[in-house]
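Here is what TrEMBL says about this protein:
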DOMAIN    141-281  domain 'Nudix hydrolase'
BINDING   Ala183, Glu199, Glu203, Glu252  Mg(2+) binding site
MOTIF     184-206  motif 'Nudix box'
Amino acid sequence: MAALEVSGRDDPRLDDPALLALILGPGGTGGAARLAFWQAATLGQAAPDPALERRLAGDILALMGRYPADRLAQLRGPMLSRAASALRADRRAANGPLDGAVEVSEWAHPFRGFFAVEVADLRHRRFAGGMTGPIRREMFVATDAVTVLPYDPLRDRVLLVEQFRAGPLARGEARPWLIEAVAGRIDAGETPEQAARREAAEEAGIALGALIPVADYYPSPGAMTEYLYSYVALADLPEGTGGLHGLESEGEDIRTHVIPFDQAMRWMAEGRLANAPLILSLFWLARERERLRGTARGL
């Protein structure tokens, strides 16, 4: 224990008693090894806040013995973002039965990369009472993300982005380029609103005005953890706003389209917009468009 106390003094993160107890484990058994693994996997770098630090530590220690610490250190960014997503999920109002509603007998982590795959053997409570039999579920684990549809209410224009997408390629699309809303992952320590503004600057080179929430939702909850925060944003979209954008460091190659709202709706009707968050946002804008235009004109 003396060695742990010295390490604790050397690492200010361990001034948090809850974090220290989590790392040492029940009864402190194996605490020295757990502490060394956690410190190596985090490179000694602090998370943005204590709650996120604790969540990340739990995720790291759950992988001890399955992945080497240096591999998890390489994945620190995605793991931080997934931990932040889990904290947001904790704060979401729950629906359905609660206490003892799900019993997990085994939780495996067969793949860890920018995304992750997890496999759970479980039972859950039935609506008619009692529990189901054993069920195995495979889950694709992604971080929370934002989408934002920039809209100029004075010119009645929207900005759309077009880029290569790996999902359609894997599905078998011959031309895997999609037209979408601006979108991106929420970084750890960021709010969804901050992420929306950052992504608009990176993907479209524009500054957003007011952000208006459209919906927060799971786009495909049967197997994916991804949770989206979708917005429509007021923006100034004069002639010449479209162009080529994206972060070279992230391999982005993005073309923007600034088009009349009616043209966007025609594209959707023609099946050119095979992207659910964009379709959802356009339908929301169709409902709210006249109100937004009237407000912009001072009516």
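Going from the start of the chain as shown, residues are counted 1 onward.
Glycine is treated like the rest: Cβ placed from N, Cα and C.
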Practice problem: Could you break down the residues of the motif 'Nudix box' (184-206) into DSSP helix, strand and coil, giving a count for each? | Solution: 13 helix, 2 strand, 8 coil
Quiz prompt | For Ala183 (Mg(2+) binding site), the three-state class that DSSP assigns | solution = strand
Quiz item: Which number gives the other C-beta atoms within 10 angstroms of the C-beta of Glu199 (Mg(2+) binding site), all protein chains shown included?
Solution: 22
Quiz prompt | Environment of Ala183, Glu199, Glu203, Glu252, the listed Mg(2+) site - residues of the same chain whose CB lies within 8 A of the CB centroid | solution = Val161, Gln163, Val182, Gly184, Ala200, Glu202, Ala204, Gly246, Ile254
Quiz item: For Ala183 (Mg(2+) binding site), what is the tally of other C-beta atoms lying within 10 angstroms of its C-beta?
Solution: 21
Quiz item: For the binding-site residues Glu203, Glu252, which Cβ has the most other Cβ atoms within 10 Å, all shown protein chains included?
Solution: Glu203
Quiz prompt | Average pLDDT across the domain 'Nudix hydrolase' (141-281), rounded to a whole number | solution = 96
Exercise. May I have the DSSP-based helix, strand and coil counts for the residues of the domain 'Nudix hydrolase' (141-281)?
Key: 37 helix, 49 strand, 55 coil
